[in-house]
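Contents: one structure, followed by commentary.
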Amino acid sequence: MVAVAAAAASRATAESEPEWNVAAPDLLYAEGTAAYARGDWPGVVLNMERALRSRAALRALRLRCRTRCATELPWAPDLDLGPASSLNHDPGAAALHDLRFFGALLRRAACLRRCLGPPSAHLLSEELDLEFNKRSPYNYLQVAYFKINKLEKAVAAAHTFFVGNPEHMEMRQNLDYYQTMSGVKEEDFKDLEAKPHMHEFRLGVRLYSEEKPLEAVPHLEAALQEYFVADEECRALCEGPYDYDGYNYLDYSADLFQAITDHYVQVLSCKQNCVTELASHPSREKPFEDFLPSHYNYLQFAYYNIGNYTQAIECAKTYLLFFPNDEVMSQNLAYYTAVLGEEEASSISPRENAQEYRHRSLLEKELLFFAYDIFGIPFVDPDSWTPEEVIPKRLQEKQKSERETAVRISQEIGNLMKEIETLVEEKTKESLDVSRLTREGGPLLYEGINLTMNSKVLNGSQRVVMDGVISDDECQELQRLTNAAATSGDGYRGQTSPHTPNEKFYGVTVLKALKLGQEGKVPLQSAHMYYNVTEKVRRVMESYFRLDTPLYFSYSHLVCRTAIEESQAERKDSSHPVHVDNCILNAESLVCIKEPPAYTFRDYSAILYLNGDFDGGNFYFTELDAKTVTAEVQPQCGRAVGFSSGTENPHGVKAVTRGQRCAIALWFTLDPRHSERDRVQADDLVKMLFSPEEVDLPQEQPLPDQQGSPKPGEESLSDRESQPKDEL
């Protein structure tokens, strides 16, 4: 932690202005808004830029001073006073102890006063601080920059404001307009207020979700390093004046030790809240859950996927510091240990900075819970990993009673709402069913394809199972293509699954298969068949769901999963856990957050099975709780499952416990802007390699009983949803 504190101090020194030449940001902001009102655009730029720099410089000054004074004047123990118990019998020694304690405190305060100087008087009001946090200066700046023809800066300011205010429709329109202007480049759309730790984390998670563990690792490691620096900065900035919460100072009355307690507990609570602050991003409604531990979760699996078992064990052990009873992580650790060897694995310890962080955090929580229990000063623990023994027994019982009361009231309200909903549903169900039936059940287009299960049979909406999409010979040829591509060195390289260490997978994308075919490493006709089959599935799904807008490929790959024989004993995990394809599923809260790193633009999904000669691997739909199974589908050659990608269709894949499961997984979007670039390249390559008659798919053959209105009993699909994992 010493190195981290030094890094925080050096960053603050670099960011701060020399000496005390820092203007008041509130005055500069006021001058900027006044300039905006009179149309003085250079004045807006001058004052708003200075206001932003001034606020940043004040923050850096406070951070530098508090870090430096804490380093130069630490709280040193009184080594020459003997054991603390002896102070009870020696009033003189106790008084001396107090004097030394307060002497250190006074010296720290004097250090801060000298360091901070006159700028310490610049305190923003709560309202103005909120304006800066909302990034309001950038709203003014983007207009002013545009007016004085500084387009690059206008774009950056607009983007910075929009990141913090994603619901601001006018700014969205401005950004759309900027995108159409000549001279505007993609790199101009940058967030000037981006936090390094969050930027690296989101980039690392995106690469991880795209199954690029080698590229993800450096960003996730950088995110961790930046996190600890940001944490030290946040904690140092908590040591400000006491917040009386409105007009409470008028009635505040406390003796010396109560006043010290109140202020210190407030500071500790602020420091604990850094967990929430650092896990927050302006574009998200809620902070990332278990933000710091999640870094180690991503890293342990990323390291595992690139074959670095030493680091995988270190990160797994670090994660288990926070969640020691996590069964999946314990299972992963046991697997890594078996591969690396018990002796070498036992010498690997959790990361030291994480151990220090956890130890310090638990000590702070103990004090805060003690203050909650004795003085009634509320403390809301931001972490889910806090051990129960840290909380005093009496407080545990009180919280348990409060939770039970809240649950009872919630259940009563819920029951009442269900009664009302049932009445409403009964009134609307009939009309809804008719509406769904009129949408789902379009022609299947090709002879031989049969409708096996519709939404009604699958107990949901916007779901379908079809058989006969391809023949047995085509299934076998595509399976051979996957294995041939794997041995030729494709993008997957025969790695273990990104979702479970108990399976290996081999896969190839359409473009990669065509390129391998062009190079003679796999049969070119097989690669062409793969291309045609994916287009066939796209057309069928588009027709069956009666979509008014064309479906575009978002991502597609042919993948085979093989059970690792020695890893199947007492296996409890899934081949792919329950998820949603275009949002991040929080099963406990029954919500799905549609924001990055989820692939929010995905609208429909499909999976075409190539075989069924394996154990396990069944596909299943669930409710939002990820536990209540609503339908299950057993794979077989030529069987396709299609569904909308939204919250109405959470799904997962059961563990493959024997053999190899092969399938083509496809995701589609209704937005052409998110059409897969690889697909466009694949289209061009097919046109170059094959004659026009070879490129065309077999003639679509509408079947008489599949045209017109759907048959009674057929239902439709409605919404869409998804998750940041390219697996079905």
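Glycine is no exception: its Cβ is also placed from the backbone N, Cα and C atoms.
Noted in Swiss-Prot for the protein shown:
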- 1-14: signal peptide (SIGNAL)
- 135-168: repeat 'TPR 2' (REPEAT)
- 197-230: repeat 'TPR 3' (REPEAT)
- 293-326: repeat 'TPR 4' (REPEAT)
- Asn308: N-linked glycosylation site (CARBOHYD)
- Asn450: N-linked glycosylation site (CARBOHYD)
- Asn459: N-linked glycosylation site (CARBOHYD)
- Asn532: N-linked glycosylation site (CARBOHYD)
- Arg661: active site (ACT_SITE)
- 712-728: compositional bias 'Basic and acidic residues' (COMPBIAS)
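In the predicted model, the repeat 'TPR 2' (135-168) has a mean pLDDT of 93. Highest local Cβ density among the glycosylation sites Asn459, Asn532 belongs to Asn532, counted as other Cβ atoms within 10 Å over all protein chains shown. Put simply, Arg661 is the one of the recorded positions Asn450, Asn459, Asn532, Arg661 whose Cα lies nearest to the Cα of Asn308 (N-linked glycosylation site). Other C-beta atoms found within 10 angstroms of the C-beta of Asn308 (N-linked glycosylation site) number 19, with every protein chain shown included.
Cβ contacts within 10 Å of the residue listed as 'active site', excluding its own Cβ and spanning all protein chains shown: 27.
The DSSP breakdown of the repeat 'TPR 3' (197-230) into helical (H, G, I), extended (E, B) and coil residues amounts to 31 helix, 0 strand, 3 coil. Within the chain, the repeat 'TPR 2' (135-168) has long-range Cβ neighbours (under 8 A, six or more residues past its boundaries) at 29, 32-33, 36, 41-42, 44-45, 48-49, 51-52, 174-175, 178, 181, 183-184, 188-194, 282-283.
Each residue contributes its Cα atom, and for Arg661 (active site) and Asn532 (N-linked glycosylation site) those atoms are 21 Å apart. Between the CA atoms of Asn532 (N-linked glycosylation site) and Asn450 (N-linked glycosylation site) there is a gap of 19 Å, rounded to the nearest whole number.
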